[in-house]
């Protein structure tokens, strides 16, 4: 019998992308797709592959007969409900932060460590954070070839990493500053945004994002590091299987709707050249190499949004560091960074 | 007799900021201020410290009697005219890229290496590139205390680094995308901008900048590096006096009008802590430390634009690299990054 797939969080920003991905899939191995959301959204009709489905309220019974349940919900909801889904016999593929660093939960990027899906004592598989995922296809491919030792990264993260409310906020702020020659005096962007009835205290971001960049994403952890920066470090180590990988990350929000970019400085064990790296990228089906700066060809988030692959460009051999590459990578944080990778894990489970 | 100061490029974006700085200066040691620009702008009236001045056309005679001539003009204009000014007896303080790496021209950031102004065999002193300058007060202070060895930086550069045309372009692109829910499909920002009669081929930027980031600034040099990235490396080495400083830079343009930001990963010879770095920053008059992430206090470019000091925050001790700090710095690229530092060099020459 064809397996049953549940999507928990069907009505969210990532849930919508998940349905787009299912609609576009050529092969579709699922017998039934079950849409699940909070009680507030239950009863809503949504169309998947031409079929109208009714969203069900989250309940233990909703998982009866489900083979794989993909979760895209807040950490605390996953924490409670992924084990319930697993207890009812489903494999939970979870895109929250609740289980990623749990040693009994594999953290999977199919191109990098698909074999780990079989080692899931809790019946739960975790999907990495979107910033980590944006660069992981590239890092996995390079690590296999050259042996990764150190990673210094700075991110250019899109608003939609914060969900639909964050997308709405960026558009509202862009409206608020429109037609005003702001960005020329300290605080004038903040004033224009607040004057439009958009106090920063109501924002998902801790500062104005329109015509600005905000060097803080996630929540504050020990010693001044943010949750987002620690996720990049700890999840990269776990996915790549390099427990002592040296990582420093600075995570910065930029006024882009969707698609995270990362400036990467990566030090390897073995000698590496731009040509050798190009070969590695070109051989990876989930990577598109756009690296011809003489023709002004390099990835930018506005040209990558909505695309499945990771885009890589500006590959340079470091001038002063041995065995080191600097490059720039763009990945749609809602697709490979969230919905697509989760769905690819589900696909890997049935294949 | 009070010295005579000339401003060459008085009608440009940096020239305007230069006049703002002169207007606001408490002490003003100059006897005469002479405004100089291209023949096209000659005859224009501009007010400096309440006095109406007529812009003079660039000519050898325009430098007669001038003690210090500040240049903010394109490289090729500086290359021709700074030596002419010097031959007429002026000290040329040049903000172009024409002389920065010339071994007979000092490259000066007053907080870091002011003594170098006396060693000017060609009568020319160079002002660093705006991206380098944005972080140099901070790097100089840290280097004196801890001994800088390595620098990995990623920039978030404002449009105005490209001059007035670049500022106008960003506002025009923001107009073009306004009210459209773009940034959701590959290329939709590009299409909206081009549909508004703003072809990318006419832009100072090689890709749309509104709702995007562009990982390319300056021109293409050897091995995939940009002029901007090489300036950060080579000028940092020269200013700090560390010829073998290891540097990797990735320079990225962001949709901010003015104020460059830089994510810095700096490795030192000696042990360093966040507390020790805070002390160093707090002791430097040209640095404002804004580093209380628990209260969501950190620098952002929209809160720093128009300010003279360099703002530093998000200071963290690297978790995996010894003697290493990660931090975020914002500096107004038209002020400290251009006009202010040039003017401070002129002031140092008369003091």
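In case you wondered, yes, glycine gets a Cβ from its N, Cα and C as well.
Unlike curated entries, TrEMBL annotations are predicted automatically.
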Residue in A:234, A:323, A:333 which TrEMBL records at the NADP(+) site where A:11, A:12, A:13, A:14, A:40, A:41, A:160, A:161 also bind: A:333
Least surrounded among the recorded positions, given as A:40, A:100, A:253, A:260, when other CB atoms within 10 Å are counted: A:40
One of the binding-site residues A:11, A:100, A:333 has its Cα closest to the Cα of residue A:157 (substrate binding site), namely A:333
For each of the binding-site residues (A:11, A:157), count the other CB atoms lying within 10 A of its CB, then report the residue with the highest count. A:157
Checking the recorded positions A:11, A:13, A:100, A:260, A:333, which are within 10 Å of residue A:130 (active site, acyl-thioester intermediate) at the Cα level? A:260, A:333
What are the non-local neighbours of residue A:160 (NADP(+) binding site), defined as same-chain residues 6+ apart in sequence with CB under 8 A from its CB? A:13, A:166, A:167, A:257, A:258, A:333, A:334
Recorded positions near residue A:40 (NADP(+) binding site) (Cα-Cα within 10 Å), from A:100, A:253, A:260: none
Whole-number answer please: how many Å between the C-alpha atoms of residue A:253 (substrate binding site) and residue A:260 (active site, proton acceptor)? 9
